[in-house]
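**Q** Shown below is the structure under consideration.
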Amino acid sequence: MIINFNDKLKEVCNSIEIDINNEQIEQLNLFKELLLAWNEKMNLTAIVDEHEIIAKHFLDSMIPAHLFSEGNVIDVGTGAGFPILPLKILKPQLEVYGLDALNKRILFLKEVSKELGVNLNLIHGRAEDYAKKDVSRETFKYATARAVAPLNILAEYNLPFLKIGGEFIAYKGSNYKDELNESEKALELLGGKVKKIYDYKVPIVEEDKYAIVIEKIDNTPTRYPRKPGIPKKRPL
Ligand SMILES: C[S@@+](CC[C@H](N)C(=O)[O-])C[C@H]1O[C@@H](n2cnc3c(N)ncnc32)[C@H](O)[C@@H]1O
């Protein structure tokens, strides 16, 4: 099977009614090339097959882009930049932040954003620490997370960053219903409420995915997030 990346990018953008121009297509291509090249030297992603990288990283990150309008977004556990970098390329009006506990991934993203000419703010640190800081606490319109932790843990990482009315958009797989059931208490404690669930299929791999949109309806009590490691060890 031969996949034409550019055709897939156009197809996906067409289906979500977002315009994509040649410059954006070039940026996504360059990002893919840099990811493939750097991944040979350091562990950026466990997925190595190019078709899977296109589908599971790029297209999966892009399809929910229409859920974002404008404002600032923090991607918690951004890793090699998914979903935040494809989102920024598709929606340049977003002010984007990528946070990760692993510095080598942040260094990779510094290099990529420089090469692409994209303004991506990068923070090396843990969500539990960064969400306590005045500069970041309850200051974001959107928070995202993909492949980082189950939803009850993610809620404690992400909801403290949001201002009231903001949205946490969690990229999830078919296990999302169980994760949602186990997150009821966490959402209530942290000031979140499920607003909608957007379901989609990732082309090429034909995988069912779900973007869970959780609205921040109340301030998060200052005791959350708890100390680094505690949300994972003792989920709410
Ligand atoms: C499996 S990777 C996923 C990366 C990317 N979001 C994706 O979808 O490809 C998970 C990332 O989350 C980061 N991470 C996990 N817990 C974190 C925390 N508490 N604070 C910041 N980063 C965290 C890890 O360092 C890792 O880079």
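In case you wondered, yes, glycine gets a Cβ from its N, Cα and C as well.
Annotation comment: TrEMBL describes Gly77, Phe82, Ala127, Glu128, Arg146 as S-adenosyl-L-methionine binding site.
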**Q** Need the DSSP three-state call for Phe82 (S-adenosyl-L-methionine binding site) to compare against my parser.
**A** coil
**Q** What count of other C-beta atoms do you get within 10 angstroms of the C-beta of Phe82 (S-adenosyl-L-methionine binding site), across all chains shown?
**A** 26
**Q** Within its own chain, what residues at least 6 apart in sequence put their Cβ under 8 Å from the Cβ of Ala127 (S-adenosyl-L-methionine binding site), listed in sequence order?
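**A** Looking at Cβ-Cβ distances below 8 Å from Ala127 (S-adenosyl-L-methionine binding site), excluding near sequence neighbours, one finds Val76, Gly77, Leu99, Tyr157, Asn158, Pro225.
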**Q** Can you give me the same-chain residues 6 or more apart in sequence from Glu128 (S-adenosyl-L-methionine binding site) with a CB-CB distance under 8 Å?
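**A** Same-chain residues close to Glu128 (S-adenosyl-L-methionine binding site) (Cβ under 8 Å, separated by 6 or more) are Tyr157, Pro225, Arg226, Lys227, Pro228, Gly229, Ile230, Pro231.
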